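> Pasting in a structure now, in structure tokens, and then I'll have a few things to ask.
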Amino acid sequence: MSSEKLFRIQCGYQNYDWGKIGSSSAVAQFVHNSDPSITIDETKPYAELWMGTHPSVPSKAIDLNNQTLRDLVTAKPQEYLGESIITKFGSSKELPFLFKVLSIEKVLSIQAHPDKKLGAQLHAADPKNYPDDNHKPEMAIAVTDFEGFCGFKPLDQLAKTLATVPELNEIIGQELVDEFISGIKLPAEVGSQDDVNNRKLLQKVFGKLMNTDDDVIKQQTAKLLERTDREPQVFKDIDSRLPELIQRLNKQFPNDIGLFCGCLLLNHVGLNKGEAMFLQAKDPHAYISGDIIECMAASDNVVRAGFTPKFKDVKNLVEMLTYSYESVEKQKMPLQEFPRSKGDAVKSVLYDPPIAEFSVLQTIFDKSKGGKQVIEGLNGPSIVIATNGKGTIQITGDDSTKQKIDTGYVFFVAPGSSIELTADSANQDQDFTTYRAFVEA
């Protein structure tokens, strides 16, 4: 039975055209399993499931008169947020994070998000395109195998790409290519003068690319596609996956600048199930394919670069980026033990990005063993979703609050509430897996 400390929420979803189609989408599977009265249209994309207090796509408390989570929080902020969270984040109406599931069939826009200072400046100058004054750090956790772009490639790889791919060389110009290749200094300690100069050179290259006329991009795209067909070996020493990737993304966004700034300049990241990456403010990134759990600060501020028909703010984009140039492996997040979670789970690990708004706890039970896990009360609100398997969830020691939790079910947990997860080991063909987004202060 629901209580005001633990209750199930029905979450809204988005049918953006980049989403996976029909029941191939994890979002669609979760939506239907959570509410079988919702029929999945096998011709429509199901892109995002939103879990939180965002007014655009509200989550509703099923057993509390279908009130929105935002209305519940607004009515009783001390109970649902806690005084420390209200004080720290300055809002008594909303969670400081938005929790999502994304199912990606087609590439999303290459984008970056401002930090808090720039977010406030952009909002003041252009509230139409920048609707709030917050930053928007994000974390992506793979639910199925995932690929994306994240941050600029290491500079030695970029130098090799500029020297090897004639079409990119043609766009940037030989003079700037030579300046970049001869000017970068490696290794360079972060913050050193060599590092500062390296970033300035990278900014010049990226700025030149992003300010190239569309006609030139179209001409060079035709040549680049021909090269991926006739001379795929050209890309062997850079990344042997590039010919297929360029052709695939060109079918989705023909003649797009993203083929150059994404495929050739950014890290192509693959995540296996359970792996994660943190997307820092002012670093370029894009999601290409797969199903992910995503958590972000509550903001809609996006500065776009490519693979989009939407507004591209090239001037601010080129000026704002950090121009960090780390390897793929450094983009991935390390996992941490979570000592406040104890019991029979084979895995209970923390994804803890270097920002205040959110962390995510993953808990997995072996399908053949079942068992019970107790997670101590947290000093802030949280949202739990089951992505595989089934079991029960309850307030620790209070059997009257015990409820079924199945794949796609989502629950809100009030601050300070210790919860108990129990895996259903009978006829379970999947490991019972939950993700829990939370904030503490």
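Using the three backbone atoms N, Cα and C, a Cβ is placed for every residue, glycine included.
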> Do you know which of GLU79, GLU83, GLU138 Swiss-Prot groups with GLN111, HIS113, HIS285 in the Zn(2+) site?
GLU138
> What does DSSP call HIS113 (Zn(2+) binding site) in the simple three-state scheme?
coil
> Enumerate the residues of the same chain, GLN111, HIS113, GLU138, HIS285 excluded, that satisfy the criterion Cβ within 8 A of the mean position of the Cβ atoms of the recorded Zn(2+) site; list them in sequence order.
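Counting only non-site residues, the set is ALA112, LYS136, LEU279, ASP283, PRO284, VAL302.
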> Which residue, of the recorded positions HIS113, ARG304, has its CB surrounded by the fewest other CB atoms within 10 A?
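ARG304, out of the recorded positions HIS113, ARG304, has the fewest neighbouring Cβ atoms within 10 Å.
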> What's the CA to CA span in angstrom from GLN111 (Zn(2+) binding site) over to CYS150 (site 'Its modification inactivates the enzyme')?
10
